[in-house]
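Features as listed in TrEMBL:
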- 295-381: domain 'Sof1-like protein' (DOMAIN)
- 354-378: region 'Disordered' (REGION)
- 13-46: repeat 'WD' (REPEAT)
- 226-267: repeat 'WD' (REPEAT)
- 260-303: repeat 'WD' (REPEAT)
Amino acid sequence: MFAFGTWLPVFQFRGHQGAVRGLTASTDGRILVSCGTDCTVRLWNVPLATVTDSDDSSDNSVKPLAVYVLVIPLLLKYDVLRHFVSFYYKPNYSSPFFRAVDHQWNGDLFATAGAQVDIWDHNRSQPVNSFEWGKDTVISVRFNPGEPNVLATSARMNKCSKPCKLPGEVSRAEQAMSWETAYGHRTKTNSIAWNPMEPMNFTAANEDCSCYSYDARKLDEARCVHKDHVSAVMDIDYSPTGREFVTGSYDRTVRIFQFNAGHSREVYHTKRMQSCDGSYVISGSDDTNLRIWKAKASEQLGVLLPRERRNQEYLEAVKNRYKHLPEVKRIVRHRHLPKPIYKASALRRIMTEAERKKEERRRAHSAPGSMPRVPLRKKRIIKEIE
């Protein structure tokens, strides 16, 4: 855990014997839950930080409050993991570790994703409930901010226990022992984020370089399709205001989207999740570094005088008034991109246009009405199951 101002480590949470795949915090920030490739989930208590904690050179590691173990017979062969094994948990051979974790917004429950979705309580050593979707592997899970007993998951759809088999991805909203809904997507959904101000809406980060916003009450059509990435979108998170969300992609860019806009308003490229007030974005990279960015790149940092604030508000009002003019729109939307991303964007536009022309030619040489026009918001969805 780092101090935001100095970026020095304040506390260290040691205990996992492998990579940490998921991390979440309770609403009050007092509890942390982590899961990793060592098949364990650990519950941590966040101590109160003092001014001298970041300057203290002594050991500031924190002991876990509880350890929850996923038992796999293969682990019995390794002495280093023998003390993690507990025979009170039902073995599951589909997935060797937990892949994601999320904490309930208001409550003592948290959910883990892997071969199945398990619901845990802080005070119990076994899951209080479990959800399975055939033999599929769940890769992300998110609790709804408005309905504490509702959560959404995304998974790799290899095989479905339902009467129909859905190729691609399945995402679903579940309420414990009450109802569950699923929709099949043609490509994999890597992550999901609920809109904190509109809890009925969520956005899915997809492998097809786009993000799709849905209304949980109507999953047969996306409310909006967000484009601009040129590679798979790996992660997504909403601003606390619910007006914007940030995405991280395999093309090594981070983009900020309006919740109802089809294209990004800002792009960052260097080797992001939203801060508590939406002013900063923090990104992690495979080069083992954390980077902090301004959500508005041109915004001035520090204390502003009243005269400076009025001047900025006036300039922003002028841009909003004349943003429809082509000359102003070109300047506002222009962003410098690295050459590989710029070329990949141009190539993707050519491929999209070629697909559109091919479809138009097929429609022109087919019987009337045999190839109806399907909007993009519905084209990527295969089927909805309740």
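Cβ atoms here come from the backbone N, Cα and C positions, even for glycine.
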Checklist entry - Excluding the flanking five residues on each side, which residues at least 6 beyond the ends of the repeat 'WD' (226-267) place their CB within less than 8 Å of a CB in that stretch? => result 188, 190-198, 201, 203-213, 273-274, 276-278, 281, 283, 293, 295-297, 335, 337, 341, 344-345, 348
Checklist entry - In the repeat 'WD' (226-267), how many residues does DSSP assign to helix, to strand and to coil? => result 0 helix, 25 strand, 17 coil
Item to check | Mean of pLDDT values spanning the repeat 'WD' (226-267) | outcome: 90
Checklist outcome for this item: Across the repeat 'WD' (13-46), DSSP labelling yields 0 helix, 19 strand, 15 coil
